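Working notes for the structure below.
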Amino acid sequence: MRKIALTMCLVWMFIAGVYFGLIVGTTDLAGDPYVNFALGAALEIGLAILGWAGMERWGRKPVIAGSALLAGTGCLVTAATKELPTISRNFALVGRVVIGITYNCFIAYSPEVFPTVVRSMGMGVATAFSRIGSISAPFVTLLGDVWLPLPMVTFGVAACAGGLAVFLLPETLGVPLPETIEDVENGKPQQSDNDSSANYTNPRTEHDPFKNMKHLSLDNFHPWPLSVRIN
């Protein structure tokens, strides 16, 4: 459980730092800063919806890790093409939009990892680490005074590190939410025989809520009251 909690905190710090750092750095790209910001925001909204749909089909980890690695690649390519402003801007926008998928999907995925007994505490600590990343993001952009591509290199490495760290976390698609710390450590939620109220993270899983109901017999069922039948 400690390993999972530490990984969650580090991923939150990396992803939040890159997310807010690229939002701040969008205005420094070539072209009109207002157009760049509006274009990135519009694309992020649409792709975030696709990301949520993708998590329900392919799982949480492939979507989150894949988008983080793609965002990191976009940042590194942006750093390598600083001499080509148009190409650099396009790849920076790709990184800014794709890291938005990672950030929004990770918000939905994180509560599913922590067990119920420590879910609020775990999310509080992970959110605190994300604030460390978001606070550090504006200072990373100042590294451009030392070397112009250095901010994008930093964001690219952080996004790739966060994406690879996601593979250390458990997959939660179609799995009952963990209730105790032992459930997370064992990798399989423990349920009693008479507990049929499992909370699944995917509503499309094959789970019949009526499987434990007793079968009703209609042999002795009479639709009319006794007095009506006698008359």
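Using the three backbone atoms N, Cα and C, a Cβ is placed for every residue, glycine included.
Caution: TrEMBL annotation is automatic and unverified by curators.
What you see is a predicted model, and the numbers here were worked out from it, not measured in a lab.
Features of the protein shown, as given by TrEMBL:
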- 188-203: compositional bias 'Polar residues' (COMPBIAS)
- 182-212: region 'Disordered' (REGION)
- 5-25: transmembrane segment (TRANSMEM)
- 37-55: transmembrane segment (TRANSMEM)
- 62-81: transmembrane segment (TRANSMEM)
- 87-109: transmembrane segment (TRANSMEM)
- 146-169: transmembrane segment (TRANSMEM)
Ranked first among 5-25, 37-55, 62-81, 87-109 for CB pairs under 8 angstroms with the transmembrane segment (146-169):
62-81
Of 5-25, 62-81, 87-109, whichever stretch has the most CB pairs under 8 A to the transmembrane segment (37-55):
87-109
The transmembrane segment (62-81): which same-chain residues, six or more beyond its ends, come within Cβ distance under 8 Å?
15, 18, 22, 51, 54-55, 87-88, 91-92, 94-96, 98-99, 101-102, 105-106, 109, 149-150, 152-153, 155-164, 166-167
